[in-house]
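K.L.:
Could you have a look at this structure, given as structure tokens, before my questions?
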Amino acid sequence: AVAAESSTGTWTTVWTDGLTSLDRYKGRCYHIEPVAGEDNQWICYVAYPLDLFEEGSVTNMFTSIVGNVFGFKALRALRLEDLRIPPTYSKTFQGPPHGIQVERDKLNKYGRPLLGCTIKPKLGLSAKNYGRACYECLRGGLDFTKDDENVNSQPFMRWRDRFVFCAEAIYKSQAETGEIKGHYLNATAGTCEEMIKRAVFARELGVPIVMHDYLTGGFTANTTLRHYCRDNGLLLHIHRAMHAVIDRQKNHGMHFRVLAKALRMSGGDHIHSGTVVGKLEGEREMTLGFVDLLRDDFIEKDRARGIFFTQDWVSMPGVIPVASGGIHVWHMPALTEIFGDDSVLQFGGGTLGHPWGNAPGAAANRVALEACVQARNEGRDLAREGNEIIRAACKWSPELAAACEVWKAIKFEFEPVDTID
């Protein structure tokens, strides 16, 4: 029934069935296995003919695969755990606007994770004060600052004013540090036309990157923005706001690894992926599974990490995972070890909550990162020696020492809801 409803079937036989080849177009369930430890749950493998899907359209793909079938009365629950995108279909998508290597070259930054900060409070600041916070963080040593997902164009801070003050912060901090800086200017809007207008203004300001909320904005809007960014040299940061409504429950909805694959096809250079160690949901092996699906060109099937199918992206550019949410300097060794160089480590309160101010908070993060990267390059074990590495760096960085003192007791020790077993 699931395969039929999402392909050629309906609730009764219809006379127009005779006008086409149902055998050619119908979906097929080709394997069923029980879920270990559950009496009434099964994993079903369903295959669909490629002719059912419009080329280059994530919107059409999801309308078929996760459409009406999820509302069937006959099903207590239904969850899409994974999907394999065959190369024949994935080649109809252009993928990320630029990809990891092109971003490295644009920023001229290599050999370490990138550092970011989400400006807080996320709502309520005036555009001028918002821009000031951006400048202080970038001047202190961060690579990026960021609009939060619900910063669009509200009465207290209209989008055009925010873009102007953030651009000023970028140029001023670049002149003082000699490094390329950026701010994720959120172009998400109520219409595609307005979204593109904001992206055009960002390009005219000469900033390197814009941002989109791809689930609330929609895949059609996201792919539209992706094409504009590719054509005009803008990097595209993606926020996954609303994902937990879809992916957090174990028995219904869709796993984030599916949303991650869809984003790679629709287009984005960064996407939030959880932290493993922070305040947001994310088991380590499962998170690393979909991080590999975002970054790597070829990923082998690995059920231990939740990867049900071997995925060949056929040289589609990779997406940089962004670790963000409840992280601070004590997490830096673990984040560096877990995510590696091709990642963005994004601290909001972990920068702006520094007792000495925003710039010292940024400096503390940069020193902690540089210390961890140096220790790793020297062959030290970050997982085992991480705290020792951070304490040693505190001796020559008073900003880091102050940050370590403030957050020494802050932990987020909750069991994840969505686990592999």
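Note that Cβ sites are derived from N, Cα and C of the backbone, with glycine treated the same way.
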K.L.:
Would you identify which residue of R158, R160, R162, R240 Swiss-Prot lists as part of the substrate site it also attributes to N68, T118, K122, H272, S324?
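P.N.:
Looking through R158, R160, R162, R240, the residue Swiss-Prot assigns to the substrate site is R240.
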K.L.:
H272 (substrate binding site): which of the recorded positions K120, K146, E149, H239 have a C-alpha within 10 angstroms of it?
P.N.:
H239
K.L.:
Check the Cα distances from D148 (Mg(2+) binding site) to each of the recorded positions N68, T118, K120, R240 and keep only the ones within 10 Å.
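P.N.:
T118, K120, listed in sequence order.
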K.L.:
How many whole Å apart are the CA atoms of K122 (substrate binding site) and H239 (active site, proton acceptor)?
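P.N.:
Cα of K122 (substrate binding site) to Cα of H239 (active site, proton acceptor) measures 14 Å after rounding.
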K.L.:
Tell me whether H239 (active site, proton acceptor) sits in a helix, a strand or coil according to DSSP.
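P.N.:
H239 (active site, proton acceptor) sits in a strand per DSSP.
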K.L.:
Checking the spread of the substrate site as listed (N68, T118, K122, R240, H272, S324): what is the longest Cα-Cα distance, in whole Å?
P.N.:
37
